[in-house]
Structures are given as C-alpha cells and as structure tokens.
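Scroll down for the structure; my scribbles are underneath it.
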Amino acid sequence: MQGQTQSISFDGREIRLTTGRYAPQAGGSVMIECGDTSVLVTATRSKGRDGIDFLPLICDYEERLYAAGRIPGSFMRRESRPPERATLICRLIDRPMRPLFPSWLRDDLQIVATCMSLDERVPADVLAVTGASMATLLAKIPFYGPMAAVRVGLLGDDFVLNPSYREIERGDLDLVVAGTPQGVVMVEAGANQLPEGDVIEAIDFGYEAVSELIKAQQSILKEAGIEQVIPEAPEQDKTLPVYLEKACSKSIGEVLGQFEQTKAERDEKLDAIRSTTAETIQGLKDSDPVRVAVSANGKALPNSFKALTKTLMRQQILKDGKRVDGRNLDQVRPISAAAGVLPKRVHGSGLFQRGLTQVLSTATLGTPSDAQEMDDLNPSNEKTYLHHYNFPAYSVGETRPMRSPGRREIGHGALAERAIVPVLPAKDTFPYVVRVVSEVLSSNGSTSMGSVCGSTLALMDAGVPLKSPVSGAAMGLIKEGDEVKILTDIQGIEDFLVDMDFKVAGTDKGITALQMDMKITGLPVSIVADAVNQARPARLHILEKMMEAIESPREGLSPHAPRLLSFRIDPELIGTVIGPGGRTIKNITERTNTKIDIEDSGIVTIASHDGAAAEEAQKIIEGLTRKVNEGEVFTGSITRIIPIGAFVEILPGKEGMIHISQLSEARVEKVEDVVKVGDEVTVRVREIDNRGRINLTLRGVPQSGESADSQPAPTPVAPLS
C-alpha cells in the first residue's frame, strides 16, 4: 500500500498528491494534501442508462467532523444531512468539471471528495476541485483536462495564493479560479467593493498558479504510464437534423425575427412549428429514414428541434447583433422596483422586476440568539446574515411537488448572500441578525441577480443602514471561432445558447460578488476581462432604477421589529450578570420583559419591543457590573429586612446590607423600628469584604429633609431610574 506521492512546491507550501494507495476499487483516486489538510477524491464510472440525453454526473463533498477532531453534536453522534457549506463545495467541484466531459458521454459518473483532515490554514475546497480532475484522469474517463483550481485573497495591496481562513476574513477578496490549458473555466468570488481592474488582475494571478498544478497532473499521468486519449464521438445519424434544417429553418427564423412578440407568443409559435413538423413526419412512409429516426428515439425530434433553434439564435446574434426580443447586445430589459410592498408586520420588503423575471424579497430583523450556529468544519461558529432563495414551480408556469431546497436553490441563495455581506453595517453599530428571503414569483433568467436587487430594496425598507446599495446583472458570451459577442442581461431562452454565463453584483464603487461558468473548455483571461468590464454599465443602470424606488435606508425600523441596545461589560463580570444557575439574568428578563444575549467578549445585547424596557434592563446590568468603592454614597430603597439588618438596592440589581448596628448612632433593638421595606434611604459604603459583599451604614449620613451642616460633602450619588 505504498502508492506514489508527488510533491509540488506551491507559493512556499508543499502540495502532495498520493495515487495508488487509497480506494483501490474506485476508478481513480488521489489523496491531495497541503499542510494538515487531506482530501481523498475518487472518480468512478459505470455503464450509462438507455434513453437519457444528458450527462449523469454526480459530485459529492463529504465532511467528517473527525477531520477537525470533533464529535458530531447530533443525538446519534454521527454526521447526517450535509451542511450548506458542503453543498456549495459540491457545486464548486461540479461547475468546472461538467463542461470538460464530451457532450456525447452518457455513462454514470460519480466524483466523491472526502475531507479526512482539516488544517485551518488550508481550506479544503480548492484541493477537492484539483483532486477531482486528477482522479478522473486516473480513472481513464473521457475528459478534456487536466483542470485545477486555486484561491486568491487580497491583503492590503498584495494578492495571496490559497489564503488561510483567517486571511480570507481579514482580506478584501475571496476568489476561486479554475482553469485548463485552454483558459479559465470557472470563477467564484466575493469582494469588498473592489474595482473591476483589481478583480481581473486577481483572475490573471490565479490562472498563472493554476498552470503549475496542471503541469503536476500531467507529470503524474506520465509517470503512471497513462496516455490521455479522448475517444471520438459515436457516429451520429444526421438524417433528422438535415431534414429539420431544410424544413424548419425559414419558419423558425421568421419567429425569432419577430421582436415585438412576448415570450409566451414566441413559445407558442415554436411549439406549433414543431407539432406541424411531427405530423408531417408521421405522414412519411414507415421505411423513411426520418420517420425511422423519430420512431427509434422519442426525444430525437424535440432535441434536434431545440438544437436547430439554438443554432439560428446564435447566428442571428453573431451576424445581425440582434436578440430574440429585439434588444441590442448591451441593452437591459425594462426594470421596475418598489420598496415596502408588504405591511410593516413584515420588517422590510422589496419587489424587483426585470423583463419577466420578478422577485419579492423580505427582510426580518432578529436578536443575536437568532444567529445560525454552524455545525460543520468551517472555523466560523455562526452566521448573522442569512439569505434564503425559493424557486417554486409556478414561477415558470409548471407544476411539481413543493420540496426542500435543492442544490440550485442553495447555490443561488449563497451567491445573493455573498453579494450583500460586504455592505452590511458593523455589528457594534447594528447588532441585529438579519434574514432575507427571496421568493422568485416569475423566472425568465437571472433570478439570482434579481434576488440581489430585491434584497437591497428589502433591507433598505427595513432600515438596515447599508454602506452602499447593491445591484446585479447576468451576462452571457458567445464564441464562434475568433468572433466573440457579449450579451447583457440574458433571459431564459438565451441561457442555453451562450458559451459562458456570468453574474456580477456590486455597488457604484466596485464588485461584491462574481460567478462565472463555462460550457466550453476555457477562455483566455483577456476575454473574461472584457465580459467583467461590460457588466459595470448594466449594474449602474439597474442601480439607478432601484434608487428611484428608495434612495436611502428608512430612518426608523418597523414597529414590529425588536429594539436592540448593545453595550460592553467587563468579561470577568459576565458571571455576575448571569448569576447562580442563571437566576440573576432570568430575573432581569422577567422583570423588564426583555431578551438578553451576552457574548464571551462582554458585548451585551438587549432586545425588546419597548425601548424603555430595554433601557431599564441596561441600567440594571450596568448597576450589577459597576464598581462600587468604599466611601461612596447612594440613595436607594429598602428591599428586604432580616433580624440582623436591612438590604438596600443601591444600584439597579445591586444590593448592600446595613447591619443593625449601623442603622443609628443609638442602640437599635429591632430593625423595623428604624426602616421598613420600601423606605428610601441614603447610605454610605462602609466596606466591601473579601467575598465582594457590600456593607453599608446610615450612621453619619444625612437623610432627606435633614441638615447636612456638620456632614462632610458626600461623593456623587448614583440615582435610581
């Protein structure tokens, strides 16, 4: 079980790829390691199913908490449903891998990446992507690789290759770029309002590093004696495509050239052409090759018709510079935006529509205890900004059962979330946990960017003080030989014909999120740069329309949103506020009808629907944590009496005791002879004993209405509220 290990010196670190040692029955396997992070990646191929017209590729990323030396917190103490982060890494693997398989491949493929050990200095996701390529090549699956991925961070003015988790949090950029020898094949990024030029420079920087990992994979293949060969595509029967081109090209072209029609009208006309063609084919002789082709495969006609429509649409764009709705290549569809469309029971709402894409977003403000706890390998323990994306069937005029979110919904929600995070206010100025839900009411392309715009509207309507509003646009690119056309704001019918689709979100200052996917084996960085730059005018145009609906965040919150007060106490006094068994903090919350959260750092957040109640709770906590000094004078009420003395609340929540001997200069037989519960008295702190107990005295302290002529000037009194 020795296997072979190849080490690569990579930006001052060593990346190790071990092959031939693990998972011997998998088609191909590699253990890819850097530091103490180890990811086992396997690729397996099985015979394809008959009658399918797509590539059945499954990419899985498995997290095991033993990788971080932890035991799962579930009842069964084992991993259950993959966390959201694992789903996003599945997509990160799938997106650069899928376009690199031959279009004719129909075999079942499964890539499984398992994080076996995690070093907080080395995130596992980009290692898993590179490992997926290596395992696929070792499995001898037809594949236009090698492919590799790296992460690029930005600390100050310097790019950092494969930064640690801590560096990612501190930096202004978190960008993953995947590439092949042909060029860039995938980009995923979150940025702190970075100019387009900086993001493009980072992509170029990352692609140079990708090239080194590609060479390493090629070296491993050579040492293993594996020659990478892409089998020729199976012979395709051209009878039906040729027939459709002659019979339908003109009529399809006429429909595509009617720019004033609606999507429904265009779809109806194309369906009519296909139905008429199907009837014509059914009228042919049984022995006719066209009818034989259609009879042999029920999907042959719709697939060939769709392919012809795609070809004609691409030709119309490349030759005439016109799209199916008559727009120019750089033109955005009509936009409408509104804020506050729902009653204020909903804390904030926004409705955004671009063409037939319509998204309703809502914002809900919560307390720190509403933060999402992360039970995964991410060092971050919680999330305070959540974005959830829903895509019901009715949004595309279809029916299907309502199920839990799939990978697509999770991915789109995460992209829109990433776009907003850089402009959220600092926690110490706005301590709310915020959840935004984007409901896609109608979909005709670019719903994720519609969710970004809807989120901005809802957050501003909720009174969240965003640093800058964010908008987003979906772009497309068609490449035919050396000719390249970039499309702004692609709609649904265009999504399937472009060679690259990418989404860009940001403010007027710069980019906050970027997602770029290819359907070809790679593009030069120069073309990617052109696409990124063309998205900026579209984003700013959309942003201008949004600002017509709401120019700045509302000054006040919804009356139904909780009111929060946040302040800091000495962390060593947290136990004083909580009290034995939580008794003290429970009494405060019950007395003031508030909700109180205390962080380990000493930050206290009080939530209440009544601002006065929150202020009362704050005064109590400040009283509990305020340092009391000997000699200080306070005015307070008698709270209880015991045989040897009386207790006085000198500060909200903080009591001291007057011993019976300190009630008067004269001898006192019974405490009640001098004071009663509820009496207001002025006391001086006589001493604080070694257990922190406050001992008070009335002796020599003038009370209300008494002369203070012979008394020394008291120290400042801390009044009760």
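Numbering starts at 1 and runs along the chain as displayed.
Glycine is no exception: its Cβ is also placed from the backbone N, Cα and C atoms.
Around Asp501 (Mg(2+) binding site), the same-chain residues at least 6 positions away in sequence with a Cβ under 8 Å from its Cβ are Ala474, Met475, Gly476, Leu477, Ile490, Asp495, Met516, Asp517. Residues annotated as Mg(2+) binding site in Swiss-Prot, with sequence analysis given as evidence: Asp495, Asp501.
Confidence for the domain 'KH' (562-621), expressed as mean pLDDT, is 90. Annotated domain 'KH' per Swiss-Prot: 562-621, in sequence order.
As annotated by Swiss-Prot, domain 'S1 motif' applies to 631-699, with the evidence given as sequence analysis.
Per Swiss-Prot, the feature region 'Disordered' maps to 700-721.
Mapped onto DSSP classes, the domain 'S1 motif' (631-699) shows 6 helix, 36 strand, 27 coil. Other Cβ atoms within 10 Å of the Cβ of Asp495 (Mg(2+) binding site), summed over all protein chains shown, number 14.
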